[in-house]
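Novice: Quick paste from TrEMBL:
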- A:15-75: domain 'HTH tetR-type' (DOMAIN)
- A:38-57: DNA-binding region (DNA_BIND)
There are 2 protein chains.
Amino acid sequence: MRGVTRSAQGRGELTPMESRILRAAVRLFAEKGFDATTVQEIVDAAEVTKGALYHYFDAKDDLLFEIYHSLISSQMADLDRIIALRLSAADTVRAILVNLVETTASRVDEAAVFTREMHKLNADRMAAFRADRRRYHETFREVIDRAQTAGELGTVVPADTAVLIALGVVNQLPTWYRPDGPKSPQQLGTEIADFVLAALSA
Amino acid sequence: MRGVTRSAQGRGELTPMESRILRAAVRLFAEKGFDATTVQEIVDAAEVTKGALYHYFDAKDDLLFEIYHSLISSQMADLDRIIALRLSAADTVRAILVNLVETTASRVDEAAVFTREMHKLNADRMAAFRADRRRYHETFREVIDRAQTAGELGTVVPADTAVLIALGVVNQLPTWYRPDGPKSPQQLGTEIADFVLAALSA
DNA sequence: GGTACAATACCGACCAGTTGGTATGCAGCA
DNA sequence: TGCTGCATACCAACTGGTCGGTATTGTACC
């Protein structure tokens, strides 16, 4: 069972104990970083014992991977769902961005951990992650690309750069977004989508 | 001399030994992260001894701070220089972004370490950093704000959000920028500036 | 110009504390 | 009686940082 989290087998079928541990881990990782967080701190925060943790997870790294995994699967599923709606290019871009901003906002800790610690994935998992990301980027880029070719969107900025910029903004969001801030996630999503679409209309 | 790096006294007056150590530290921090990098690894990479390192720096943390410090001072100085040119709003925005992209690209490792590990600053240094960042944001925001009021730029996107987006993109740059990629830093800077200005023109 | 003295620059073996992970035990359910 | 689900005690490896000591450079005085 090397290289695979025991719990990762059945998707979304986390036991109560697993999600309890993961919830504590995410909070601590987001607060202090992965390396600076002790396994002992995690089990204390989750009010379980080390034995319990290592009963469900093979290694500390697996906690990280579970966090990535659940976030990415959810994002990929959302993307596919949006694409399937077959909206206009502009509406698709808007839907993708609003959705991304909203899920990122509702799962800030996970998103923050993700962007800060993703380079700690081992080779295999990193490769899997890159593949997912590539697919996400490509899908997004094609939406813009086709719209540009069809004259629906402007061509001032190349599609690939636009994707990098748009997704970069979202990835950076956990750094400055505060749930108690003046703007709701929905409003932020709208503003960011407005921004990107305004740029792409030129 | 608590809380202050010995070498931070005289700005930019790093001894050869200090920059040698810092150069190795930056590379390793960028590659594996701060916590995952051992002091021993740093001194090995720099081909010095632990004694030498602790002769010039009080603690491992001070290495991080020196990296931040040199990067931030340089960025703040650049900003002031650009503002002093008293260009038009659009040209100022462009100049800031192109400059930021170029310096970030030429110092990717430092920038990457910075965005990933800044939360490890202690309270004092964090406060100082926040003050600097606030000033940077405010300055940038005012440029946009005044231009919007004067009708020189559109008002579709609020100035504060625009700043967050623009700087977010730059902060995310180290994640995907590759020196051997197809686009030069200058070209990237131009494209990003085009993007932001196109959005702001709406 | 040489000698005594001192400050600076650096060395590397060592330490106390911490860390991720394990081995073993035990209760309850089938 | 055995198996799952956890608890407890423990360990070997590693980490940042220290400390006594040495080499090198600078300085003041004869």
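From the backbone N, Cα and C atoms, a Cβ is placed for every residue, glycine too.
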Novice: Please give the average pLDDT for the domain 'HTH tetR-type' (A:15-75) in this predicted model.
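Specialist: That region's mean pLDDT is 95.
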Novice: How about long-range neighbours of the DNA-binding region (A:38-57): same chain, 6 or more residues beyond its ends, C-beta under 8 Å?
Specialist: 5-7, 15, 17-18, 20-21, 23-25, 27-28, 63, 66
Novice: With helix taken as DSSP H, G or I, strand as E or B and everything else coil, how many residues of the domain 'HTH tetR-type' (A:15-75) land in each class?
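Specialist: Looking at the domain 'HTH tetR-type' (A:15-75) with DSSP, the answer is 48 helix, 0 strand, 13 coil.
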